[in-house]
Amino acid sequence: MGSGRPSSTELNGGDDAKAPPPAAAAAPLHKELDAGAQFVLKSRVVTFYSYNLLSLVLEHHAQSGHRFLRFRDMATHILGNILGVESKGNMKLYEFVIIFGGLMLILAQIPSFHSLRHINLLSLLLCLAYSSCATAASIYIGSSSKGPRKDYSLNSNSETRIFGFFNALAIIATTFGNGIIPEIQATLAPPVKGKMLKGLCICYAVVTATFFSVAISGYWAFGNGADGLVLTNFLGDGEPLVPKWFVLMTNAFTILQLSAVAVVYLQPTNEVLERTFADPKSGEFSARNVVPRVIFRSLSVIIATTIAAMLPFFGDINAVIGAFGFMPLDFVLPVVFFNLTFKPSKKGFIFWLNTIIAVVFSVLGVIAAVAAVRQISLDAKTYRLFANI
């Protein structure tokens, strides 16, 4: 959606370009899969390492009497106050966004992070369900005669390839990053030592299984024609390439899982609002706290829904958020916080490993930010407010 991806004709150099022979087509596939898999594996190793460091930092401060419930509180303490489905029928995309916003308006009223534990479990099951469906459908379509012609050729424009690469890194950071580790760890009953490591191991097992299965099977089945949302590839010329009930079921799993994730990521915003407008001396369900909670949570959802309907740059917005938000939160700040908190020897391996990680991913974040803004400027030429794309 809004990825600005060139068509197969453009990639092949024009209408009269001949399809590459099977051997030539297989080589780029192997190279791209290998490069993509290597990057994802390396990024998973770095974020697993950085999240563990972040957990150790939180535990260290908790033992010192400073139990941080939010990322911004920890950042302020350490750094100081200086830093701190393609539409079908008559329904338009913005109409669907509004309906989804209505669902979020209800779910946003769940009072606290602890109240979300059952929704988190449901989110995990839904994630496994729709990833399995997407993988199975991609394998089925790729193996059948109804599937599209596979084209793994690269765009001949080196500038587009380079910026596309960094734009993709930012989108991956958004999709699989986790910027609310302090909020999650704050819900654990003490002692927390070892619990976060176990949780991260389970998390990364799920992420690895779901990401690689969907990414590899989707790219194998659709090549460079794979959309940012692979479910849209399940329709060929407006007709489903898999049974209609299967498409409907997979989309339902996806929508429900997205709503569960959105509720979780609303909580830090809700905390900010309620710290300003709530009365800690009154009960959680007293009129004094319920009324402002409903008003301001509803306003935040309404504003977000309006922006989402107006600007349907789904992939592009994800890239911007990843470059400016998740890449620093996932790769840079955890290792910086560890060095500032535990002060490892500057002659030691840990200090320089953390420093290299911070520098490398800071540079990647800057380049990814430029790539993300560039992509939005390119796509803005073809979009309009409340576009039905």
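Any Cβ shown, glycine's included, is placed from N, Cα and C.
Those TrEMBL annotations? Automatic predictions, nothing curated.
The compositional bias 'Polar residues' annotation in TrEMBL covers 1-11.
Summarising the annotation, TrEMBL assigns domain 'Amino acid transporter transmembrane' to 89-373.
The region 'Disordered' annotation in TrEMBL covers 1-23.
Under the heading transmembrane segment, TrEMBL lists 93-110 (among others).
What TrEMBL records for 122-142 (among others) is transmembrane segment.
Listed as Cβ neighbours of the transmembrane segment (162-181) (distance under 8 Å, sequence separation of 6 or more from its ends, same chain) are residues 39-40, 43-44, 47, 51, 54-55, 58, 71, 155, 196, 203, 207, 211, 228, 264-265, 267-268, 315, 318-323, 325-327, 329-331, 364, 367-372, 374-375. According to TrEMBL, the feature transmembrane segment maps to 162-181 (among others).
Residues or ranges marked as transmembrane segment in TrEMBL: 202-222 (among others).
What TrEMBL records for 242-266 (among others) is transmembrane segment.
What TrEMBL records for 294-314 (among others) is transmembrane segment.
Remote same-chain partners of the transmembrane segment (320-342), defined as residues 6 or more beyond its termini with a Cβ less than 8 Å from a stretch Cβ, comprise 43, 46-47, 50-51, 53-54, 56-57, 60-61, 71, 74-75, 78-79, 169-175, 177-179, 351, 353-355, 357-358, 361-362, 364-365, 368-369, 371-373, 376. Among the features that TrEMBL reports, transmembrane segment is placed at 320-342 (among others).
Annotation source TrEMBL lists transmembrane segment at 349-373 (among others).
Remote same-chain partners of the transmembrane segment (242-266), defined as residues 6 or more beyond its termini with a Cβ less than 8 Å from a stretch Cβ, comprise 85, 100, 103-104, 107-108, 110, 113, 116, 119-120, 122-123, 126-127, 129-130, 133-134, 137, 140-141, 180, 231, 234-235, 297, 300-301.
Looking at 93-110, 122-142, 202-222, the range that has the most CB pairs within less than 8 A of the transmembrane segment (294-314) turns out to be 93-110.
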